[in-house]
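Taken verbatim from TrEMBL:
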REGION    A:1-20  region 'Disordered'
TRANSMEM  A:30-51  transmembrane segment
TRANSMEM  A:63-84  transmembrane segment
TRANSMEM  A:118-138  transmembrane segment
TRANSMEM  A:145-163  transmembrane segment
TRANSMEM  A:195-216  transmembrane segment
TRANSMEM  A:247-266  transmembrane segment
TRANSMEM  A:278-294  transmembrane segment
TRANSMEM  A:301-319  transmembrane segment
TRANSMEM  A:325-346  transmembrane segment
Amino acid sequence: MTTTAPADVPTASAPLPGDEHRRPAIGPKLAAFTFKYGLVLVLVLMIVFFAVTQPAFRTVDNFLFILQASAVVAIVGLGATVSMTVGGFDLSVGATVSLSVMVAATTMVKFAMTGTTAILFALLAGVGVGLLNAFLIVIARIPDLVATLAAMFLVNGVTLWWVNGQSVAVGMTIDGKPAPGVFTEVFEWLGSGRFLGIPASVIVSAVVFGLVVVLLNFTRWGRALYAVGGNPVAAEAVGIRVRRYRVLAYVISGLLASIGGVLLVARLGRGDVAVGDAYLLQAISAALVGYAVLGANKPNAVGTLVGAVFVATLINGLTMFNFPYYAQSFVQGALLVVALLMSYTLGPRRRR
Amino acid sequence: MIQHHTPGGLGAAESSRTAPFVEISQLSKRFGATVALRSVSFDIRKGETLGLLGANGAGKSTLIKILSGLQPATSGTVSVQGEGREFTSPNQAQQLGIVTVHQNIDDGVVFGMTVAENLMLDTLGLFQPNPFLTYRKIRRRARALLEELELELPLDLPVEQLSASDRQQVSIGRALAKSPNLLILDEPTSTLSSREAELLFGAVRDLQYRGISVLYVSHRMSEIEELCHRAVVLRNGSVVSEHQQPLDLRAVTQSILGDLASTSLGAGRQHAPGDVVMRLRGVRSGKETAPFDLEVRRGEVLGVTGLVGAGKTELLEQLAGTRPLESGVITLNGSEYKPKSVADAIAKGVVMMPEERAVQAIFPDESVSRHLSIGRMGKVSRLGFMDRARERSFAEQVIAKFAVKAAGPDAAIETLSGGNQQKALVGRWLVEQQSLVILDEPFRGVDIGARAVIATELHEYSERAAVIVASSDPEEVLEVADRVLVMVDGRIVSDSPAFEMNSEALADAMSEVQRTTTSGAPQS
Ligand SMILES: Nc1ncnc2c1ncn2[C@@H]1O[C@H](COP(=O)(O)OP(=O)(O)OP(=O)(O)O)[C@@H](O)[C@H]1O
Ligand SMILES: [Mg+2]
């Protein structure tokens, strides 16, 4: 026996009965809006507020100063972002910054080589750490978090050992004699030079940012990186060399951390011990704040840059209000919590 | 294989079968611009097994998610035993005895826990006077449960190491352990072999005799006919018809497909085997099985069937570069073929669609279009840069050709119904020229209309390339294949043209031989 309803079945896009009376629900819409634009909106409002209340804030110089202050965090954070795209996590970026700072400083000061050589060695050191991470994770199959934690300790240890736990500065005495080398011109330019009025470090970070944006968003390799992070089994099944991409991601992460280190040592003009430590948390939190930018809900280059600039702006503005420097950590923590609330609590529910 | 006895429970439960257990009234659900359910009303009576039918994307899973408290309805009511209810969580539905086995099998198991822990998961949260629950105790109870259900599962293995069908059995076992008043099964047999399916049918009949209601979703008509007292058909989110036992299958099919019913279903065809594309010499499916030779030709669809674990996947994965070759030599279009990786195989024109969709093919939160281009990025990029326009037009081509129901190429893959995901993922390999296309269980969760579309496309496609289709369901294989191989314990026990076979003969070949062999070392 069969009973059949009228033959004409409405299509999926036809309105539901009662649709005309339906008022769009405010709650979910607001949540969706906040999820997407919330963080950018807060940044803009914050900039407007500081600009209105603090005349010193709204100068071009201060603007460039903020960008300069966020340059190293942004570059290191972009590296961490790339490691996150493959579903990993690089805890060794801070240690890599320290390592490359020391490598660059000793190359010039102790061995009196050129700045270009120093940069080359520093970047090679960064790639080396990336390869170490890749070895531990891809070959030895240690989970990312644990492997890069171990690498962090190892790299920190090696760095300290290498300089006997001492800072490296021009004119320091080594074995009773003054050190032969100096920071060369390249480093002076990187540290305080300008091009068309823009600080060198800002130019370098802009270039790095551009390259990472292009890599992640516009190339097939970027697609593959995200695919590996999304589902490595499925990625393998469509012919993506998962292991190679994970190696690539960690090498890029190490390389960018060492670029950050080079900029840092150029700005400081000396190789301080453990100077990179602070950059681990800042870089990672910039990358995580980036999840909440424009509703990406995944590691992304634009978000990381916004995250880095956000922190620098906030600290800059608060300093003008005489906010104590020791409260900076708290401010960063609060920002991270807000960003995580936006991406995880207000964002679409994820499975598992 | 399938005996046509009428559903049980007609005796004692008959009188109460008229009283509704769940009443669904004017239920609607919308996702943005898509209306998934439109004023749906029907009852699920006490003690009856109700079939819920409909094409891919008709709204079956959505309805079930509402009934089980996973998603809220946009409007309408659900009442249980005469009382209006609004479920805001799966827990609430379960307290009323509504227990669901969802279409995505991994929703029903917790990774990282053993089979025993998974089976007992729901009792772990209950209050017990003795707070110390040892693993031994859990294990003992889980074993008792398995014995009661006549299931055989490795209790101490983490669930993620189980095959899809075993994981499905775990979720079914879990559901039955909750002693439901209404058991909802969303395509439970799509990953089960026929033997495991028979066990499930036994369990359902047992529930029928005990007067427990079942809501049963399947694309396999034979199951609906065998198990259900009544069937409701959804099309585009509306109830279009209701059918009583004995079912008029033609009317049901027509009602499911609507206008599409006119498209020829499994039209007969003559095939002319062409050149050999791939030649296997001394290849084996596993380490310890006997080697064999095989030729795969253009112009015919080669079906491979056998029970779950017979070695189909193991063999096919060697061809696709997923596994290293055990032994022997393969030639592809005349030259030696020894894929070092999947990428290598794809470059040589050998592509494979793996059997487990959720685990092996879905990238969470990514768009349909990205899923379609991920395996062929070389063709939608220039110097490494993605060409979005070409990517989009390829996606539109697949969507149109395989009638994929999606909001558009940029819709997230999870917003598609299970069958539509499958159509898109199969279709992405069939638009371009390949040498050999291997599809492992391509019909999982695909409705009859779409099956016909895929079968027709495969036949047309096989004029240009070799096609292998593996399935543990003999009827599915006969629907699409021109030549059928039967595998048992890693060996090929029969190789014959499809027109010489029928599903009974295939089922016999799949199981008989296995019973007589003593060296029944299970594969995989
Ligand atoms: N989260 C979601 N967002 C947007 N659309 C959705 C979502 N979930 C389901 N849909 C849409 O609702 C419709 C019904 O989907 P549903 O999963 O209920 O189909 P189904 O009948 O179970 O199909 P199948 O037989 O393929 O499993 C489909 O058009 C689907 O694309
Ligand atoms: Mg479904």
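A Cβ is built for glycine as well, from the same backbone N, Cα and C atoms used for every other residue.
Highlighted: of the candidate stretches A:63-84, A:145-163, A:195-216, A:247-266, A:278-294, A:278-294 has the greatest count of Cβ pairs under 8 Å to the transmembrane segment (A:30-51). Between the transmembrane segment (A:63-84) and the transmembrane segment (A:278-294), three or more CB pairs separated by 6 or more residues in sequence fall under 8 Å, so the two stretches touch.
Using a cut-off of 8 Å between Cβ atoms, the transmembrane segment (A:325-346) and the transmembrane segment (A:278-294) share at least three residue pairs, counting only pairs 6 or more apart in sequence. Beyond its flanks by at least six residues, the transmembrane segment (A:247-266) meets 71-73, 75-76, 78-80, 82-83, 85-86, 88, 90, 92-94, 96-101, 103-105, 118-119, 122-123, 125-131, 133-134, 137-138, 183, 187-188, 190-191, 200-201, 204-205, 208, 212, 221, 225, 228, 275-276, 279, 283 of its own chain at Cβ-Cβ distances under 8 Å.
Within the chain carrying the transmembrane segment (A:278-294), a Cβ under 8 angstroms from the stretch's Cβ atoms is held by residues 35-40, 72-74, 76-81, 84, 89, 91, 93-95, 97, 152, 257, 260, 264, 300-308, 310-311, 332, 335-336, 339-340, 342-343, all 6 or more beyond its ends. Listed as Cβ neighbours of the transmembrane segment (A:195-216) (distance under 8 Å, sequence separation of 6 or more from its ends, same chain) are residues 64, 67-68, 70-72, 74-75, 78, 81-82, 85, 189, 222, 225-226, 256, 259, 263, 266-267, 300-302, 305.
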